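Student: Pasting a structure here, questions to come.
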Amino acid sequence: MKVLSEGQLKLCVVQPVHLTSWLLIFFILKSISCLKPARLPIYQRKPFIAAWNAPTDQCLIKYNLRLNLKMFPVIGSPLAKARGQNVTIFYVNRLGYYPWYTSQGVPINGGLPQNISLQVHLEKADQDINYYIPAEDFSGLAVIDWEYWRPQWARNWNSKDVYRQKSRKLISDMGKNVSATDIEYLAKVTFEESAKAFMKETIKLGIKSRPKGLWGYYLYPDCHNYNVYAPNYSGSCPEDEVLRNNELSWLWNSSAALYPSIGVWKSLGDSENILRFSKFRVHESMRISTMTSHDYALPVFVYTRLGYRDEPLFFLSKQDLVSTIGESAALGAAGIVIWGDMNLTASKANCTKVKQFVSSDLGSYIANVTRAAEVCSLHLCRNNGRCIRKMWNAPSYLHLNPASYHIEASEDGEFTVKGKASDTDLAVMADTFSCHCYQGYEGADCREIKTADGCSGVSPSPGSLMTLCLLLLASYRSIQL
C-alpha cells in the first residue's frame, strides 16, 4: 500500500484527527491503492476490442456487396430474425413481456411494471433467451435495450412522465380518501419496487441461463450530460445524476457488464464539446464499474455509431473518432460496440458508403487503437492487464507512433499493421499510462500472481494526491459532524 508522507498528510488535514478518523483514512487509502482488478478479456486476451452491431449482412443479401469486418472479433446484427450471435441485443419485443406505453398512450403488456406478472414475464423471457442465444456456453455480449422507462421515479421526465402519471392514477383508483401526498409517495414506491424487481430478476435469469455471457443494460450507466449546447459546457455529469447512479447499486451488482452510449451530434462536429461529452460519460462508467459487490471491475463496452445522431449517414470525422473510440480506449474500457440500424442498408448507395468508411478512416483508426492497446499491454503490463491513463483527464491516447508503425490497407478492406515500438515510444507510454491488472495478477507491471489477501489493480500515481487529500478531508469533516 502506498502511504502518504507526514508532509503530504499535513497538506490534506490541518486539524487534529481522532483515532477513529485515522482508521477511516486507512481504509480509504487501502481501497484507493487496491482497486479491483479487471475481468479477463473475452477475446484472446485482447485489452481493447471493437464489436460490430449493425445489420450490414443485408448489404450482401440485397446488393451482393460484402463488407470486410475482420477487424471486429465480435459481430452481430440487431435484426429480430438474427440468432446465435456473439452480440445479442434484446429490444422490448424480444425478451419477455416488457410493459410500456406507446406515444399515443396505449399500454403494452399492462403499461406499468406494477401491472404485469413478473413470473409470467420471466417464463417468456426464458423462452426468448433460449431462442436468441441457443448455445449454453455463450460468452459474448448480451445487451438488454429497454428505454421506455427508467427504474428511478425522478428520472422519468419529459415523455417518460406518463409512467408517473399512470402510477398515480393506479393508486388514486384504489381509494377515494387517499391524500395527494400519500398518492405521490405510494405511486413512487410501488413503481420503483416493481421496476427494480423487473430489471433485476430479468438480468438474473439471463446470467443463470447463459452464465458466461456479459449481460447488461444498454445506456446504463447514463451521465445525463446532454446539455451540449450550453455556454461553458464542461461535460461533467450533474451532481444529482452521479448520486442517482450511486443509488442503482442493485443494478450494477446484478450486471456482468456496462453498456454506456456516446452517440454524438454533427452540429458539434470536431468540437471540444464532443470530447467533453464522451470523456465524462466513459469516466462515469469506469467509476461505476468498481462500485459493485463483484471482486473485479465490470467490463465497460461503449456503444457508439458510424454516424451522427442528427445526420446518421454523415459518418464521424477523424477527430470525432478520437473523441469517442480513442477516449474509450484511453480511459480503460474493454471495448466499443458500433451500432447501426436499417438506414445503413436502405439502398446500395448507403451500403457502398458504409463499406468505404469501414475500409478507410474507421478501419484504419480501429487497427491503430487496438494494436496500440496490445503493445501497451504487452510491454507495460506483460499482457496481464490493460493500459489506462494515469491522469484520466489528460490528452493522452493509445495511438501508434507513425514514425514506428505503418498501417496498410488491402483492396478488400483488410488492415495490416507493420512496425515495432521504439524505446522512446514505450517510454512515452510508461509516462502517461499505468496498468489495470486482470484478475489473478498484481504489481505495477502485473507480473505478480495475486495472493489470496493481496491487492491488485492500479497503483495511485502522484497526480492522484489531490483526490486523496479531498477524500481524507471529506472523511474528517464527516466524522466531526
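One is the number of the first residue shown, and numbering goes on along the chain from there.
Every residue gets a Cβ built from N, Cα and C, even glycine.
According to Swiss-Prot, the protein carries these features:
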type	residues	note
ACT_SITE	Glu147	active site, proton donor
DISULFID	Cys59-Cys351	disulfide bond
DISULFID	Cys223-Cys237	disulfide bond
DISULFID	Cys376-Cys387	disulfide bond
DISULFID	Cys381-Cys435	disulfide bond
DISULFID	Cys437-Cys446	disulfide bond
CARBOHYD	Asn86	N-linked glycosylation site
CARBOHYD	Asn115	N-linked glycosylation site
CARBOHYD	Asn177	N-linked glycosylation site
CARBOHYD	Asn343	N-linked glycosylation site
TOPO_DOM	1-8	topological domain 'Cytoplasmic'
TOPO_DOM	30-453	topological domain 'Extracellular'
TOPO_DOM	475-481	topological domain 'Cytoplasmic'
TRANSMEM	9-29	transmembrane segment
TRANSMEM	454-474	transmembrane segment
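Surface or core, plus neighbours and distances: that's what I need for these features.
Tutor: For Glu147 (active site, proton donor), applying a Cβ distance below 8 Å and a minimum sequence separation of six or more within one chain yields Tyr218, Leu219.
Secondary structure at Cys59 (disulfide bond), taken from DSSP and collapsed to helix, strand or coil, is helix. Its Cβ placed at the centre, Cys59 (disulfide bond) has 22 other Cβ atoms within 10 Å.
Under DSSP, Cys223 (disulfide bond) is assigned to coil, being neither helix nor strand in the three-state scheme.
Within the same chain, the residues at least 6 positions away from Cys376 (disulfide bond) whose Cβ sits under 8 Å from its Cβ are Pro47, Arg386, Cys387, Leu398, Met429, Phe433, listed in sequence order. In the three-state DSSP assignment, the secondary structure recorded for Cys376 (disulfide bond) is helix.
The DSSP secondary structure for Cys435 (disulfide bond) is strand. A simple way to gauge crowding: the CB of Cys435 (disulfide bond) has 29 other CB atoms within 10 angstroms, across all the protein chains here.
For Cys437 (disulfide bond), other Cβ atoms within 10 Å of its Cβ number 29.
In the three-state DSSP classification, Asn86 (N-linked glycosylation site) falls within coil.
Sequence-distant neighbours of Asn115 (N-linked glycosylation site) (same chain, 6+ apart, CB under 8 A from its CB) are Pro99, Pro107, Asn109, Leu170. DSSP classifies Asn115 (N-linked glycosylation site) as helix under the three-state reduction.
Taken residue by residue with DSSP, Asn177 (N-linked glycosylation site) is part of neither helix nor strand, so it is coil.
In the structure as shown, the Cβ atom of Asn343 (N-linked glycosylation site) sits within 10 Å of 12 other Cβ atoms.
Confidence in the topological domain 'Cytoplasmic' (475-481), given as mean pLDDT, stands at 38.
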Student: Between Cys435 (disulfide bond) and Asn343 (N-linked glycosylation site), how many Å separate their Cα atoms?
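Tutor: That comes out at 40 Å between the alpha carbons.
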Student: Taking only the Cα atoms, work out how far Cys223 (disulfide bond) lies from Cys351 (disulfide bond), in Å, as a whole number.
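Tutor: That separation, Cα to Cα, works out to 33 Å.
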Student: Quick one: pull the CA-CA distance for Cys437 (disulfide bond) versus Cys381 (disulfide bond), whole Å only.
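Tutor: Rounded to a whole number, the Cα-Cα distance is 7 Å.
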Student: Can you check which residues sit near Cys237 (disulfide bond), meaning Cβ under 8 Å from its Cβ, same chain, 6 or more apart in sequence, and list them in order?
Tutor: Cys223, His224, Asn225, Asn245, Phe280, Arg281, Glu284
Student: Please identify, from the glycosylation sites Asn86, Asn177, the residue with the sparsest Cβ neighbourhood, meaning fewest other Cβ atoms within 10 angstroms.
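Tutor: Relative to the other glycosylation sites in Asn86, Asn177, Asn177 has the fewest Cβ atoms within 10 Å.
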Student: Tell me the coarse DSSP state (helix, strand, coil) of Cys351 (disulfide bond).
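Tutor: Helix, per DSSP.
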